[in-house]
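Trainee: Submitted below is the structure of interest, expressed as C-alpha cells.
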Amino acid sequence: MDIAAITGNINTIGYGISVIGAGIGVGIVFGLGMQAIARQPEARGPLQTNIYLGFALIEALAILGFVLAFAAPTGS
C-alpha cells in the first residue's frame, strides 16, 4: 500500500468523523428547537428561523469537510 492510498483512507475517515459531528449537531438543534416551540408556541416564527439557520451552518461545515477530504494532496 503506497502513501497515496493511505492518505486517501485517512481523508475518508476524517470526512466520516465530520459527518458524524454534523449529524449530532443537527439532532441537537432540531431537538432543542422543537422543545422550545413546545414550551412557547407563540414564539414559533423566530425560533423556526433560528433552527433553519443553525441547520444551514451545521450542514455547511459537513460540506466543507467533504470538500477538504477530496482537496487534500494525495502525496504523489
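Glycine is treated like the rest: Cβ placed from N, Cα and C.
Per TrEMBL, the features are:
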type: DOMAIN; residues: 13-70; note: domain 'V-ATPase proteolipid subunit C-like'
type: SITE; residues: GLU59; note: site 'Reversibly protonated during proton transport'
type: TRANSMEM; residues: 12-38; note: transmembrane segment
type: TRANSMEM; residues: 50-72; note: transmembrane segment
Trainee: Taking DSSP as the reference, which of helix, strand or coil describes GLU59 (site 'Reversibly protonated during proton transport')?
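Mentor: DSSP assigns GLU59 (site 'Reversibly protonated during proton transport') to helix.
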Trainee: Cβ-Cβ under 8 Å from GLU59 (site 'Reversibly protonated during proton transport'), same chain, 6 or more residues apart: which ones?
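Mentor: The list for GLU59 (site 'Reversibly protonated during proton transport') reads ALA22, VAL26, given in order along the sequence.
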Trainee: Across the domain 'V-ATPase proteolipid subunit C-like' (13-70), what does the mean pLDDT come to, as a whole number?
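Mentor: PLDDT averaged over the stretch: 90.
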